[in-house]
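*Asks:* Dumping what TrEMBL says about this protein:
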DOMAIN    32-463  domain 'Amino acid transporter transmembrane'
TRANSMEM  36-57  transmembrane segment
TRANSMEM  63-85  transmembrane segment
TRANSMEM  189-214  transmembrane segment
TRANSMEM  277-296  transmembrane segment
TRANSMEM  316-337  transmembrane segment
TRANSMEM  380-400  transmembrane segment
TRANSMEM  406-426  transmembrane segment
TRANSMEM  438-463  transmembrane segment
Amino acid sequence: MVGGGEAEEDEQLPLLISSSSTNELSQQPLKRTGTIWTAIAHIITGVIGAGVLSLAWSVAQLGWLAGPLLMLVFAAVTILSNNLLSDCYRYPDSDGPTRSPSYLEAVKIYLGEKMQTVSAIFVHESLYGCGIAYTITAASSVRAIQKSNCYHKEGHQASCEYGTSLYMLLFGLVQIVVSQIPDFHNMEWLSIIAAIMSFTYAFIGLGLGFAKVIENGRIQGSLGGVPTSNVADKLWLAFQALGDIAFAYPYSIILLEIQDTLKSPPAENKTMKKASMVAIFVTTFFYLCCGCFGYAAFGDDTPGNLLTGFGFYEPYWLIDFANACIVLHLVGGYQVYSQPVFAVAERWLSKKYPDSGFVNNFYSIKVPLLPRFQANPFRLCFRTVYVVSTTGIAMLFPYFNQVLGVLGALNFWPLAIYFPVEMYFVQKKIGSWTRKWIVLKAFSLVCFLVTVVGVIGSVQGLISAKLS
């Protein structure tokens, strides 16, 4: 039987399917019900993720002076760039009638199709890279749970070595299922759960670091950071630390998708700016606490991943719980960064092949004990292949700090700085060589130099890790 049917027929046929097309579904007006609180949850889900766990190591490389200072600088840069971008949600001005539901749509409207193509390369590489990084991190956390239990039973000197490939495969299987969530507008519950998880493990990491400092009776570390045998090695590590911090902050590529979920009035850009300010304030507080307490606790021996590098052994159950929270958070975080890719691919193919049933037809499926949901053949295939590919690359390059550094540095300037600044120039009609133009261009140039040194250091670290 095709279609809805009575309750009794549902019992006789546990799997019921009815079809409809994308065009029919798109005729229903999109309800934007998001608030400042759902926006904050989305942002925290996207920002506090793999990055927070590497910050203690980053502070260790940079030292007590440069480490915390650079985190504050990156926070300020993120707030500025996001405020510029949030004003570009509407066209031709911040109160205009035309919406830009995604980063790429905004670039196309303001800067043209050629620049949209350039930005698309960086956007999709960044989103795809986050999927890889989150897969690596989730697997590392599951392995850390195993190691924690092993050390508790066998002693801290035991040889508790486990691989991550199996856990990456399991995480990939979970993402294949979760990726069938239609879009951002259906993800509020997942983001809220993920945000709660991120707060939980950030608090645990902070608490463990603080307790370790108390236990040691002193603050470890130095103004210059971890010493090295030569200046070149110190520069490589400092550049990589810059890349890791750059990865931890910006979320410009998902900002407009989040803003597109907000109801109005009040104006979406005003709500988004408030949400960004609150979210960045909260994340910076956690970043400083986790990074600084981690370095204060372990000094030159600070692990690359605060909760999986095994500076902490006890209480083992708390470390297990923290790592379980990381995994649950990354399930949601992976989707926050993957859904925009899914949306672009599905919209593009739907326009290119409007008569294709494989691309456009949806089938209403009723599974026992679960609510009825819409399934689409192309969505199922494309999203599955996407998850499989990120999992495969993560298995080839399972290097936490190096992968985060490359991704953070490579995408920081073009996505978080260059395109938002250029779009702002167009929207506000800012002429060349005016005071505001010179200030923003200088700001963009400095951030470009940060990206260059970050990429150099992180790529060198990734090559060294792979060869060793």
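Keep in mind that glycine also has a Cβ here, set from the backbone N, Cα and C atoms.
No curator has checked TrEMBL annotations; they are predicted automatically.
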*Asks:* Check the transmembrane segment (406-426) against the transmembrane segment (63-85) for contact, please; criterion is three or more CB pairs under 8 Å, pairs 6 or more apart in sequence.
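*Replies:* Yes, the transmembrane segment (406-426) contacts the transmembrane segment (63-85).
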*Asks:* For the transmembrane segment (316-337) against the transmembrane segment (189-214), do we get 3 or more Cβ-Cβ pairs below 8 Å once near-sequence pairs (under 6 apart) are dropped?
*Replies:* yes
*Asks:* Take the transmembrane segment (277-296) and find every residue of the same chain, 6 or more past its ends, with a Cβ under 8 Å from one of its Cβ atoms.
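*Replies:* Same-chain contacts beyond the ends: 36, 39-40, 43-44, 47-48, 52-53, 55-60, 64, 67-68, 71-72, 75, 78-79, 82, 199, 202, 205-206, 209-210, 212-213, 219-221, 248-249, 302, 306, 311.
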*Asks:* Using a Cβ cut-off under 8 Å, which residues of the same chain at least 6 positions beyond either end of the transmembrane segment (380-400) come close to it?
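*Replies:* For the transmembrane segment (380-400), the list is 50, 53-54, 128, 131-133, 135-137, 139-140, 164-165, 168-169, 171-172, 175-176, 179-180, 304-305, 338, 341-342, 345-346, 461-462, 465-466.
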